[in-house]
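Notes to accompany the following structure.
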Amino acid sequence: METEKNRRKTIQRQLVYDTVCRRCDHPTAEEIYEEIVAERPHLSKATVYRNLNFLVESGRVLRVHVPHAPDRFDHTLMDHHHIHCSACGAVSDVALDISESIHASLLNGDASGYKIHGYDLIFNGLCPDCQKKKRG
């Protein structure tokens, strides 16, 4: 149950949100904590995690589930997809236009009988930097 305390805008919550929005690299909770605590050493890790969960639950940020890696956080709320570097762990947005017929078929239900309420699409590969390192 959402309490008045959870709904109110706090300085800590704003710090966490601003940090996610400032970064384009889909940071982990640990990376967000490390960035904030460098400026505000009094802030606890639990506060960062609690506020990230609140921001996800309230729809202000997205949680990006990366298999076999810590979750990442994204401030871009519009539909988009991600690519994950299997070597260094980087996560980036990837431009992908899913055809309207596939999108409509999936979200309007298909032969599986599932009522689909969302999906995550993460590609895995090697980022340009890791490709260079592998060649060199």
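Backbone N, Cα and C atoms are what each Cβ position is placed from, and that goes for glycine too.
Quick look at what TrEMBL lists:
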type	residues	note
BINDING	Cys85, Cys88, Cys127, Cys130	Zn(2+) binding site
BINDING	Glu100	Fe cation binding site
Could you tell me which of these binding-site residues, Cys88, Cys127, has the fewest other Cβ atoms within 10 Å of its Cβ?
Cys88
Other than Cys85, Cys88, Cys127, Cys130, which residues of the chain come within 8 Å of the Zn(2+) site, judged by Cβ distance to the Cβ centroid of those residues?
Ser86, Ala87, Gly89, Ala90, Leu126, Pro128, Asp129, Gln131
Other CB atoms within 10 A, centred on Cys130 (Zn(2+) binding site):
16
Three states by DSSP: which one describes Cys88 (Zn(2+) binding site)?
coil
Which of the three DSSP states, helix, strand or coil, fits Cys130 (Zn(2+) binding site)?
helix
Report the same-chain neighbours of Cys85 (Zn(2+) binding site): residues 6+ apart in sequence with Cβ closer than 8 Å to its Cβ, ordered by sequence.
Val91, Asn124, Gly125, Leu126, Cys127, Cys130
